[in-house]
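Everything on this sheet refers to the single structure shown next.
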Amino acid sequence: MMQKQNMIVVNQKEIAKNIYELVLQGTLVQQMNEPGQFVHIKVAEGIAPLLRRPISICNVDQEKNEFTMLYRAEGQGTKTLATRKQGEMVDVLGPLGHGFPVEEAEAGQTALLVGGGIGVSPLYELSQRLVAKGVRVIHILGFQTKDVVFYEEKFAELGDTYVATVDGTHGTKGFVTDVIDHYGIDFDILYSCGPLAMLRALEGRYKEKKAYISLEERMGCGIGACFACVCHLQEDPSGHSYKKVCSDGPVFPIGEVVL
């Protein structure tokens with residue numbers, strides 16, 4: 001159930017170039033039960049920036065009432081968020097959206113988790129949930145260069161993990177699809193989050209597979225009221241039917257929405 005709460009900053013640190021790990025504490029964590037959901041963060045105390053920032057939930061610890069989120073500090077809002085210190089309060093709205101369907105993967109099956117850039121973040125909680133129910137996980141993490149690689153070791157603790165960098169400075173040179181081809185990776189179910197170009201490439205290959213993708217869209221309200229994040233349905237070529245990424249998603253079955 002969505003709530004609004006001022007949460008305490010437990011810790012914040014830069015874990016890769018311009019990539020920050022922020023841990024917040026509050027009872028709101030008890031509502032975080034679906035990997036792939038997100039929160040809407042008020043990044044500053046004053047009026048500006050006006051809009052909240054949507055950030056994926058990376059890890060949940062309900063025993064400690066803590067959750068972790070990862071984000072890239074690149075605009076005014078996220079750069080402001082990166083200055084928050086331990087003990088300060090952050091205004092959080094969430095959890096929002098529909099997450100990854102863990103129940104679609106069965107014990108003994110193999111799940112392929114493919115993340116690109118900051119889209120790697122929500123796959124960490126998902127991977128933990130899948131492993132807990134006896135699903136074998138394989139991770140492919142795609143980045144531009146080695147300076148922005150994060151959480152490789154954490155994913156490796158859960159299952160086979162491959163990294164691709166566009167410039168070849170770490171792992172396989174190229175894209176996540178190059179890793180799949182090079183190692184001949186097979187799987188029963190696919191979960192993915194990342195840039196549209198990556199999601200389109202996966203959709204072109206695996207439209208007939210059981211697969212789910214999480215969209216990274218700019219949002220205004222985060223609750224489905226402003227229509228800033230609509231996407232059209234593939235089954236309706238007229239373009240009149242749509243879904244809202246913030247409330248109907250951000251996770252959709254592959255092939256459902258136009259990428």
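From the backbone N, Cα and C atoms, a Cβ is placed for every residue, glycine too.
As recorded in Swiss-Prot, the features of this protein are as follows:
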BINDING   ARG53, PRO54, ILE55, SER56, LEU70, TYR71, ARG72, GLY77, THR78  FAD binding site
BINDING   CYS221, CYS226, CYS229, CYS246  [2Fe-2S] cluster binding site
DOMAIN    2-102  domain 'FAD-binding FR-type'
What are the other residues, in sequence order, whose C-beta lies within 8 angstroms of the center of the C-beta atoms of ARG53, PRO54, ILE55, SER56, LEU70, TYR71, ARG72, GLY77, THR78 at the FAD site? ILE41, MET69, LEU81, ILE118
ILE55 (FAD binding site): which of the binding-site residues CYS226, CYS229, CYS246 is the nearest Cα neighbour? CYS246
Just report the maximum Cα pair distance in Å for the recorded FAD binders ARG53, PRO54, ILE55, SER56, LEU70, TYR71, ARG72, GLY77, THR78, no decimals. 15
Euclidean distance between Cα atoms of CYS246 ([2Fe-2S] cluster binding site) and ARG53 (FAD binding site), Å: 12
Let me spell it out: for each of the binding-site residues (ILE55, CYS226), count the other Cβ atoms within 10 Å of that residue's Cβ, using every protein chain shown. Which one has the most? ILE55
Quick one: give me the count of other CB atoms within 10 A of the CB of ARG53 (FAD binding site). 20
Cβ distance under 8 Å to THR78 (FAD binding site), same chain, sequence separation 6 or more: which residues? TYR20, VAL43, ARG53, TYR71, ARG72
LEU70, CYS229, CYS246 as binding-site residues, winner by CB count within 10 A: CYS246
Assigned conformation of THR78 (FAD binding site) - DSSP reduced to three states: helix
What are the DSSP helix, strand and coil residue counts for the domain 'FAD-binding FR-type' (2-102)? 12 helix, 49 strand, 40 coil
Please report how many Å separate the Cα atom of CYS226 ([2Fe-2S] cluster binding site) from that of LEU70 (FAD binding site), as a whole number. 25
List the Cα distance (Å, whole number) between LEU70 (FAD binding site) and CYS246 ([2Fe-2S] cluster binding site). 18
